[in-house]
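Dropping the structure in here first, questions after.
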Amino acid sequence: MVSSSVSSVTEVKVESYVFPPSVKPPSSTKSFLLGGAGVRGLEINGNFVKFTAIGVYLEESGVAVLSGKWKGKTAEELSDSVEFFTDIITGPFEKFTQVTLILPVTGQQYSPKVAENCAAQWKAAGIYTDADGIAIEKFLQVFQTESFTPGDSILFTHSPESLTISFGKNGAIPEVSNAVIENKKLSEAVIESIIGEKGVSPAAKKSLATRIAEILNHFDA
């Protein structure tokens, strides 16, 4: 049962930030379990500079969805499988990502990079539409006047057809979201940018594979 697998979920500490085993996203009545968490950083002049700590949560029903194909696989098998992460990204259940700032950033610094990556990916695949352009503009507008200090969080709820955006201050998760953008591709592209084949946080991907393998081993349909 899902409840037995949920009871095995533990918190994860990334740098000085703790991601609890379960959370209730803004404007949601559901609890999501912590799939995994890790740092996002870049090598700059020979030093690994850490920018954010990222936690990836799954709606509890996602455990049952993933179990059919992935239960019994090792953490290494999941970590090496592009298909496994794609099944999380595109699965018919909600995901919640918490991007907590280690270094300060403004909304105008953060959002264009995400938007440009999404648009470039869609255009390369030949699937970019006018509706996608409108969704990108809405995404940029949500961040326009925002500024984030260490400990603040950018929060995304990835529903099958929409992306909900929220902002948390000083480690808190707000009860109400800031915006909902009705665009399936954007919802998937944002989480894909984190845990997809070219995801920005290999540490979060490794944590996700390790923990989901363990959660599925405790899951009984």
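Quick reminder: no glycine exception, Cβ is built from N, Cα and C everywhere.
What Swiss-Prot lists as substrate binding site is Thr52, Asn117, Ser193, and the listing cites similarity to another entry. Look at Swiss-Prot and you will find Tyr110 tagged as site 'Important for catalytic activity'.
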Determine, from DSSP, whether Tyr110 (site 'Important for catalytic activity') sits in helix, strand or coil.
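The residue in question, Tyr110 (site 'Important for catalytic activity'), is helix (DSSP, three-state).
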Measuring Cα to Cα, how far is Asn117 (substrate binding site) from Tyr110 (site 'Important for catalytic activity') in Å?
12
Around the recorded substrate site, report the further residues of that chain (criterion: Cβ within 8 Å of the mean position of the Cβ atoms of Thr52, Asn117, Ser193; site residues excluded), sequence-ordered.
Arg40, Lys113, Val114, Val190, Ile194, Gly199, Val200
Out of Thr52, Asn117, Ser193, which of these binding-site residues shows the lowest number of other CB atoms within 10 Å of its CB?
Asn117
For Tyr110 (site 'Important for catalytic activity') and Thr52 (substrate binding site), what Cα-Cα distance in Å is obtained after rounding to a whole number?
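The Cα atom of Tyr110 (site 'Important for catalytic activity') is 11 Å away from the Cα atom of Thr52 (substrate binding site).
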